[in-house]
Amino acid sequence: MASAKTNGKQRPIDEESPLLGAATHTVHSALEPPEEYAESDSSQEQGEIVVLPNEISTARLTTTLASIYVGVFLGALDSTIIATLSAPISTSFSSLSLLSWLASAYLIANAACQPLSGRLTDIFSRRTGLIVSNILFAAGNLICGLAKDEWSMIGGRVVAGMGGGGLMAISTFVASDLVPLRKRGVIQGIGNLSFGAGAGCGGIYGGWVNDVWGWRYAFLSQIPFVIVSGILVSFLVNIPPKKSEKSKLSRVDFLGAFTLVTTLVLLLLGLNSGGNIVPWNHPLVYVSLPLSGVSLVAFIYIEAKIAKEPVIPVKLLLNRTVAAACLTNWFYTMLAFMGMFYLPIYFQVKGNTATQAGARLIPQAIGASFGSLGCGLIMNKTGKYKILGLAVSGCGILGVALLQTLSFKSPTWPASIYLFLIGSGYGGMLTVTLVACLSAVSHDHQAVVTSATYAFRSTGSTIGITIGSAVYQNILNSELFAKFGDQPGAEETIKRIRDSLDELKHLPEGWKEGVMDSFEDALKGVFWLALWIGVLSFITSTFMRQNVLHSTLDRK
C-alpha cells in the first residue's frame, strides 16, 4: 500500500484536513481490492486519492459518534411519531385522505435519498452531507409545525424525510470511515440501539406531546436538538473527501441520481398506494410501477455505460459477497416487516386494543438491538461473520416457523418470544451484511456499497408488506365467501370485515367462529410466505465469502 507522510509543516485546518491533524495514509486506487472486485474500481480511472485518518482516540470517537447518533435517534423518532399523530392532524385539516400520505411521504423521501448519500458525500464530504441533512430535517419539521393546509403538511414530511434519510445513512458512512472492520460491528450495534430507541419512542412521544401541547409541538420540539446536532458535527466530523483534479459538480452523476430516485419513488409510490390509498386497478398504480421498471433499466444502463463516477457502480453489485449480502438483507427485511405488520392484526383479533398490539411488538425491537450488538461483539472477538450470517437467517426461519403454531386460542406470551427471535435475527443480519459488504470492497467504495444495502432494505420492507397484504386479503376473502357467501347481505358484511377490525364486535349471529377461523387461515398464509422468504435469505447468505476483518483502518 502506498503511503504519504507529512512534510513537517503545519497546514491550515480545512475540509480536507485529516481528523485531529493526524498523519494520514494515502490510498491510491491501484491497491488491489479483495475478492474479484479489482476490475470495478472506478477510482483508478478517475485518478482519485482517498485519504484515511489514523484511528482516533476513544474519547474523540465517542463524542463524534454521539453527535451523529442524535440525528439517527431523531430520524427514527420522526418515522414513527406519525403513528399517534395522524388522526389529530387529519382532523385538524378536515381531511381523512391525508392519513395515509403522512407516513408514506416521509418514508418514500427517506428511501429515495439514502442511496444517493454515499457517492455525494464521497465528493462533497461527510460533514457537508450531515449539515445539509440536518438543515433539511429541521426545515421539514418547521414546515410541518407551521403548516396551514394539508399540502404544506405533506411537503414538510417530504423535506423531513430527505433529511432523516441522510442523517441515518451518512452516520453509517462516518462510522465506517473512523472504525476498523474488526470493530465495525460493535459500533453498528450501538447505532442500531439509537435507531431502535428513537423508533420505539416516536409513537409514545407524539401522543404525549399531542395530549399536553398539541400535535404541532411534536415537530417543532425536535428542531433545537437538530440544531445542536448540526453544530456538533460541523466541529467534530472532519473526514477528508476523495481528492480529484475535477470540479466537484462535474463529478456528480446527475443522470444516475435522477433515474435512481425516479425508480425508487415510482416503485414505492405504487406499492404503498395500491390497496391502501387507492385500489390496485387505479391509474396511479398501473402507471407508476411500469414506469419504475423503465427507469430502473435506464439507471442500470447509465451506471454501466455512461457515468464516470456512478452513484452505485453496477460492477460492484456483481461482487459475490456484495450481491449475497444485499439479497440476504432484502429477503430478511421482507420477512421482518411481514411479522411487524401482521402480528398486530393477530393481537387485535384476539381482543387487544391497537395500543396494546403495538406494545406487544416491543420484544422485536429489543431483539433487534440485542442481535445487532451481540453479533458485533462476536465479530470483534472472532473476526468471522459468515457463520453468523447463517445463524441469524436461521433465527428468522425458526421465528416465523413457530408463528405457524399460533391460534386465537393460544396464550399471547409465546408470540412475544417468536417476535424476539425474528427481531434478534433482523438486527444481527443488518450488522453482519454491512460488515460483509465493507470487507468485500476497497475503502473508497465503502459508502456506495452501504448505500446499496439501504436501497435493498427500503424496497424489501415495502415489497414484503405488499405481497403479504395480497396473500392475506385473498385468503381472507376466499375463506369468508366460502363460509358465508350464501348468507343474506354477505358481500357487504364481508367487505366491512376486511376493511375494519372493529366490525368483529358487530358480527351477525353465528358468524364469529367462522370469521375467526378465516382470519387465522389468512395470517398463517402470510407466515408461510414469510417462512419461504426466510429460506431464500438463508440460501443467499451461504454465498457470502469470509474476508479478513482488519484491525486497522489501512487494512494492513
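From the backbone N, Cα and C atoms, a Cβ is placed for every residue, glycine too.
Feature annotation from TrEMBL assigns domain 'Major facilitator superfamily (MFS) profile' to 64-549.
Positions annotated as region 'Disordered' by TrEMBL: 1-20.
For 66-86 (among others), the entry in TrEMBL reads transmembrane segment. Within the chain, the transmembrane segment (66-86) has long-range Cβ neighbours (under 8 A, six or more residues past its boundaries) at 98-99, 102-103, 106-107, 110, 130, 133-134, 137, 141, 157, 160, 163-165, 167-168, 170-171, 174-175, 190-191, 194-207, 210, 215, 218, 222, 225-226, 228-229, 232-233, 236-237, 358.
Note on the transmembrane segment (129-148): residues 68, 71, 74-75, 78, 117, 120-121, 155-167, 170-171, 174, 216-217, 219-220, 222-223, 226-227, 229-230, 233-234, 237 of its chain, located 6 or more positions outside it, place their CB under 8 angstroms from a CB of the stretch. Residues annotated as transmembrane segment in TrEMBL: 129-148 (among others).
If you look up TrEMBL, you'll see 154-174 (among others) marked as transmembrane segment.
According to TrEMBL, the feature transmembrane segment maps to 186-205 (among others).
Per TrEMBL, transmembrane segment is recorded for 217-240 (among others).
Here TrEMBL flags 252-271 (among others) as transmembrane segment.
Among the features that TrEMBL reports, transmembrane segment is placed at 283-302 (among others). Residues of the same chain lying 6 or more positions beyond the ends of the transmembrane segment (283-302) and with a Cβ under 8 Å from any Cβ of it are 253, 255-256, 259-260, 262-264, 266-267, 269-271, 273-274, 310, 314.
Residues or ranges marked as transmembrane segment in TrEMBL: 322-349 (among others).
Tertiary proximity for the transmembrane segment (387-406) is limited to same-chain residues at least six positions away from its ends with a CB under 8 Å from its CB atoms, namely 325, 328, 332, 335-336, 338-339, 343, 346, 371, 375, 378-379, 414-415, 417-422, 424-426, 428-429, 432-433, 436, 523-524, 527-528, 530-531, 534-535, 537-538, 541-542, 544. The transmembrane segment annotation in TrEMBL covers 387-406 (among others).
Long-range contacts of the transmembrane segment (418-441) within the same chain, counting only residues at least 6 positions beyond its ends with a Cβ under 8 Å from a Cβ of the stretch, are 33-35, 37, 172, 176, 181, 184-185, 188-189, 192, 196, 316, 319-322, 324-326, 328-329, 332-333, 335-336, 339, 343, 360-361, 363-376, 379, 385-386, 388-389, 391-396, 398-400, 402-403, 406, 449-450, 452-453, 457, 537, 544-545, 547-549. For 418-441 (among others), the entry in TrEMBL reads transmembrane segment.
Here the transmembrane segment (526-544) has long-range neighbours at 320-321, 323-325, 327-328, 331-332, 334-335, 338-339, 342, 385-386, 389-390, 392-394, 396-397, 400-401, 403-404, 429, 433, 436, 464, 467-468, 471-472, meaning same-chain residues at least 6 beyond its ends whose C-beta is under 8 angstroms from one of its own. Taken from TrEMBL, the feature transmembrane segment covers 526-544 (among others).
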